[in-house]
Amino acid sequence: MTDTLMNADPPRRIRSFVLRQGRITASQKNALENLWPRYGLDPAAAFDPAAVFGRRAPLTLEIGFGNGESLAAMAQSLPAEDFIGAEVHPPGIGHLLIELERRGLDNVRVFRVDAVELLENCIPEGALARILVFFPDPWHKQRHKKRRLVSPAFARLAASRLAPGGVFHAATDWEDYAMQMLEVLNGCETLVNQAPDGRFSERPAYRTPTKFEQRGQRLGHGVWDLVYRRS
């Protein structure tokens, strides 16, 4: 299981991430081997949330959860809801698996897959109560901006997977990316900006500050939250 999880690489196309062979600890590797069967899901298999979680509950997807601490904290604070996380980097997945076991959580499952492919192939239309995209790679060099996750096509795809009234919430500490996301998301006809002035929102209580946010604040960066509802 560990070798498959660490070496699997989806078919090539323009992606919002680059797979790097990051350092993985012994405990993370052990978690991938022993906890993946409990928490991991196969993106090639049919996904039935009621069957996976044994109940019907609001379902949140976090895309690119990093080390998973924010996702685990949210799942613990909202035990009546269910959560799925999509990440491609094994060290972060291993870290989350350890955290899920430590907290005794059973309302989280994990995919190792490109989020676009997950939305296209696994998640039915209208299935999600929330989609969270916290601190995606800003790809700040001009030649790399085509790799940014939040694009018009992605916004339409994500909106289609939200139930009516469902929330799309993105956050970034790169102002240039924040402005691009604002333009893209405000241009999606099925998403309604929840900020009073139609721009940026205050950080909702359910989003605990991440290590990326704290790092950005130490560097003097601002943080921009964008919160939308599916019409």
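Yeah, the Cβs are placed from backbone N, Cα and C, and that goes for glycine too.
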Task: Return the residue out of Glu62, Glu175, Glu183, Glu189 that Swiss-Prot annotates for the same S-adenosyl-L-methionine site as Glu87, Asp114, Asp137.
output: Glu62
- prompt: Between Thr210 (substrate binding site) and Asp137 (S-adenosyl-L-methionine binding site), what is the CA-CA distance rounded to a whole number of Å?
  reply: 14
Message: Please report the three-state DSSP label of Glu62 (S-adenosyl-L-methionine binding site).
response: strand
- request: Work through the binding-site residues one by one (Lys141, Lys211) and point out the residue whose CB has the fewest other CB atoms within 10 angstroms.
  value: Lys141
- request: Could you say which of the binding-site residues Glu87, Glu213 has its Cβ with the most other Cβ atoms inside 10 Å?
  value: Glu87
Query: Reported as an integer number of Å, what is the Cα distance between Asp114 (S-adenosyl-L-methionine binding site) and Asp173 (substrate binding site)?
result: 22
